[in-house]
């Protein structure tokens, strides 16, 4: 009788043989016969040793690769590494990879998963020595119609390119790039654009010249999609190019793409703007003004608003790339032009960059440039009055989110004289988001002008906003209140803002009432428990008598959060009696919140208090007619008993 190990080896040989057959035959009749054989092997598997149990699932995965159900094929593709491990590196190279290459024609989601899996297959085909065998299926995937599949295939090709030796790059990878670049369909040519920068640094001079020639052809391709792809990848190709070829070969190509005359294909020109950042960061300063700036200035005045938008969006990156001298001479006027643009989207993008652009200005000219070139655009008597009082709320919102950041740059005097009027104007804007952005950045101004000036100038407007009809504006004020209170001090706060904070507890919007309770906790943390006992708690306790049950519930919510910061003694003597009294409330919602509150604060009490006050209250609630009240009372009682 054969031993278990011999039976296991026989079983393994049979199953691997079947897997090989599955990979070899593609006709439907033979394929069905083989699948029937695989399924019959389940009975044979039961007789094999436990160590061989993994082989049958491998056969099932192979089975599912050709299943009519897309989800089954997708699941099997995602487990390709398991199949490859079972086959071994040699069979993976000779059988599985050719099989996958022949089954490229599938649903897009299956192909996407396959492209992703193949990028991690290097160790499964035998390492760097054999990694080139992964190129054929990925090459096919890089030519399919679906963009996301092509992009994932290019990503995997770039990944495995690093595993190639220099010799293998020239022998296998570069020919693939050439085939894609010279393909009949634009899909292959667009994929090729993303591959040039990968092998270029590691190949010979002759091959480098061929790669540059192929990239040049793609930049002049008749198909706009190919030119767009070339423009998008030009920046990364520029980073690996030698400086002499960057000047002689790539910059003329970039200039042509940046002035592509097809208006409907302005995406070519706007992607060329992205490449400008990389090119400008590589070139020496003396070449920037002649080779880059004319094209960049044309882009900032392009007839397509999308190109101008891209310039505005990348402006600070361009500023850092070209350096301070060109910024002074060329970029400041260009930035003013973008801020005055006729399209709201361009103005909004430029407005978003105001703070960062000003911060990056050379220190010796920073303040003067802001005062003479940027601030005049912000004041209503000059051209950028259109931003402060712009009809487009996105422009106003963008400016409001950054304009406060100019205060630390300009200093106290300039802030008080030039910026405070603008802040006040924006605080009264009809757009809630504009007011919100100003409120959220008040700390920038406070650091510069001090709390006294802030309270005199902006506090009245803030108090007005605290009663704004838009609840999100009120919410923003509440969230800012603890910081403002810490800066004002307890006396000023009690005089000016205390009553305001308490009024939020009875707001008609729940989110405001909830934020107001958390606000009280933060205020007590700043001002102390004694301040809470004299100022906050009397008003909170008084709300327990309010006719509106929502306000009585707010009392319980306040007790939940204040118990943590007021101390055990205050909680037991002042807050607990209020909770116990509310257990007799006529509204079930109040009563079950009493149970939840006792559960929350009960851990602070000693055994005597729990037994004499908490448990009797909960026992009464456990016999309540309302189901929810009984449920929460039982839950609270269980927690207190466990704690005891």
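Backbone N, Cα and C define each Cβ position, glycine as well.
Annotation comment: TrEMBL describes 57-95, 134-172, 211-249, 250-291, 292-330, 331-369, 419-457, 458-496, 536-573, 575-613 as repeat 'HEAT'.
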Worksheet entry | DSSP-derived helix, strand and coil totals, residue by residue, for the repeat 'HEAT' (211-249) | 33 helix, 0 strand, 6 coil
Discussion item. At a C-beta cut-off of under 8 Å, are there same-chain residues at least 6 beyond the repeat 'HEAT' (250-291) that contact it? List them, or none.
Written reply: 215-216, 219-220, 224, 227-228, 230-232, 234-239, 241, 243, 298-299, 302-304, 306-307, 309-311, 314, 317-318, 320-323, 325-326, 330
Response to the item:
Mean per-residue pLDDT in the repeat 'HEAT' (292-330) works out to 87
Worksheet item: So, by DSSP, how many helix, strand and coil residues make up the repeat 'HEAT' (419-457)?
Response: 34 helix, 0 strand, 5 coil
